[in-house]
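Participant: Residues or ranges marked as compositional bias 'Basic and acidic residues' by TrEMBL: 273-282. The region 'Disordered' annotation in TrEMBL covers 249-291. The transmembrane segment annotation in TrEMBL covers 12-32, 44-66, 78-99, 203-220.
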Amino acid sequence: QLGELAATFATLPIFPLFDTAYFIVSVLYLKYEPGAVEMSRKSPFASWLCAMLHCFGSYILADLLLGEPPIGYFSNNSSVILATAVWYLIFFCPMNLFYKCVSFLPMKLIFVAMKEVVRVRKIAAGVHHAHHLYHHGWFIMMATGWVKGSGVALMSNFEQLLRGVWKPETNEILHMSFPTKASLYGTVLFTLQQTHWLPISEANLIFFFTMFMIVCKVFMTATHSHASPFAPVENFLCPVFFGSVSSGHTSHHHDHHHGPSHEVSHPPPPPAKSKEELNEGTRKRKAKKAE
């Protein structure tokens, strides 16, 4: 029974229902960005480009990795028109009616859950596509599945440039969000399954990993939490395998680099003037005042 349920779930068509939910949540996140609403009024074309990156950035990045045309997915007219309609309704619907409806928390949770269905399906499709092109390229499969699941976040700096913002410190590689980490771990599982190192069917893996993503993302959205469920395991394993930052080394490094600049920025005070020089200066000021 479980196998039949997983097989049926894996064959569910994601267009147009699940894709619509994916586009709605993606464009909602764009509207939450500071200055996004003002930009949509000043430059609607730039706002539309940002929305298309939020909706199709993962396909663009995956095509670039595999040497395929990066705009190939835009030949899918139905998806582009649907994403454009969602963008227009969220940003320009009269009285913000559409935005108020889709951002209402119970409705938003449904859309978030549906988006995770699309995300996991994209990860599996990316790994399968890379496996077809590079049969023994494990790292290529993992890279393709990863960008298929989190390509929008990985392209966030480029998307910020379109909005006139440059924040390199927000690089997704340096500060991975939960969807990016989950996509990375998920693509490892799908790669192992595709290369027959993980004894589970693809349909079952899609089903179980989708359920995991839905539960985590819905809970995080409902509670407005940014804490990653992977944090306890990472906090335990990372110091063991990769070490931890030494506070003594950090303070020594700070003193070494900032000590000389401190001395330069505070030059020694000039020598004190003698009594004769002070009297001479007083006489000169009085003479100028008299003149």
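These residue numbers are counts, starting from 1, taken along the chain as shown.
Glycine is treated like the rest: Cβ placed from N, Cα and C.
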Participant: With a cut-off of 8 Å between Cβ atoms, can you find at least three pairs linking the transmembrane segment (12-32) to the transmembrane segment (78-99)? Only pairs 6 or more residues apart in sequence count.
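Facilitator: Contact confirmed: at least 3 Cβ pairs fall under 8 Å.
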Participant: Report, as numbers and ranges, which residues of the same chain sit near the transmembrane segment (44-66): CB under 8 Å and 6 or more residues beyond its ends.
Facilitator: 22-23, 26-27, 29-30, 36, 72-74, 79-80, 83-84, 86-87, 91, 122, 126, 129-130, 133, 140, 143-144, 147-152, 154-155, 158-159, 162-163
